[in-house]
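Asker: I am attaching a structure below and will ask some questions about it afterwards.
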Amino acid sequence: MVLFLLLVALLSPAGEAGKIIGGHEAKPHSRPYMAFLQFKISGKSYICGGFLVREDFVLTAAHCLGSSINVTLGAHTITDQERTQQVIQVRRAIPHPDYNDETCANDIMLLQLTRKAEMTDAVSLINLPRSLEKVKPGMMCSVAGWGQLGVNMPSADKLQEVDLEVQREEKCIARFKDYIPVTQICAGDPSKRKDSFLGDSGGPLVCDGVAQGIVSYGKDDGTTPNVYTRISSFLSWIQRTMRQYKNQGSA
């Protein structure tokens, strides 16, 4: 069964350490671009990840679309009210116009914030790839998030991270019937059981300091590899959309 990697918002108690599958706790604020999203779908609360790409825009997965979206920047322990945190509401959620919730195609969304985030040591932007830049099989990347620690396990209260290897496209083509190599990336580490899991949706796949992918979907048993939206295939849409709303909703 394929599932999106979002999660009902049931955070573990503060002080309870955990991991993304096969990962470890990140150094506090070592990923200052990370965003924690809370939103509602049909009255239920969910969480996703995201990342800051402009002072007033967060990039995430389109399947993280819901109502009353709140963005927390500058967090490490998400259950604490840390001084570094900036909580900002979303003015406008802009999923890709060709997003397909049945095949998971074009799973990308921009969130315009109601005000610009203040740039600090704990809050900053991450670079996006160049147009049509491709990651290659064998390349080491990483993901981070506050998602579920494993099958039937709680979500993390502290930011977790894990190193992943970009896999050959054939692995995801065989594993997922709707995998699209042109707009998606296959990543994980089947031999070591490392990957993103529930609640990590929308977070970045980071390769050499550049956000190359967005956590999209995988199998519900926590096995790897998983599918990531290929950001380089959507650069023109990202740039065009942010230009369109450049002077709207920024403090």
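Any Cβ shown, glycine's included, is placed from N, Cα and C.
Below are the features listed in Swiss-Prot for this protein:
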ACT_SITE  H63  active site, charge relay system
ACT_SITE  D107  active site, charge relay system
ACT_SITE  S201  active site, charge relay system
DISULFID  C48-C64  disulfide bond
DISULFID  C141-C207  disulfide bond
DISULFID  C172-C186  disulfide bond
DOMAIN    20-243  domain 'Peptidase S1'
CARBOHYD  N70  N-linked glycosylation site
SIGNAL    1-17  signal peptide
Asker: Among all chains shown, work out which of the disulfide-bonded residues C64, C172 has the most CB atoms within 10 A of its CB.
Answerer: C64
Asker: Suppose we draw a 10 Å sphere around the Cβ of H63 (active site, charge relay system). How many other Cβ atoms does it contain, all chains included?
Answerer: 24
Asker: If you run the three-state DSSP split on C141 (disulfide bond), which class comes out?
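Answerer: In three-state terms, C141 (disulfide bond) counts as strand.
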Asker: What is the number of other Cβ atoms found within 10 Å of the Cβ of the residue listed as 'N-linked glycosylation site'?
Answerer: 12
Asker: D107 (active site, charge relay system): which of the recorded positions C48, H63, C64, C141 have a C-alpha within 10 angstroms of it?
Answerer: H63, C64
Asker: Using Cα coordinates, what distance in whole Å links C48 (disulfide bond) and S201 (active site, charge relay system)?
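Answerer: A Cα-Cα distance of 5 Å.
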Asker: What Cα-Cα separation, expressed in whole Å, is found between C172 (disulfide bond) and C141 (disulfide bond)?
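Answerer: For C172 (disulfide bond) versus C141 (disulfide bond), the Cα atoms are 17 Å apart.
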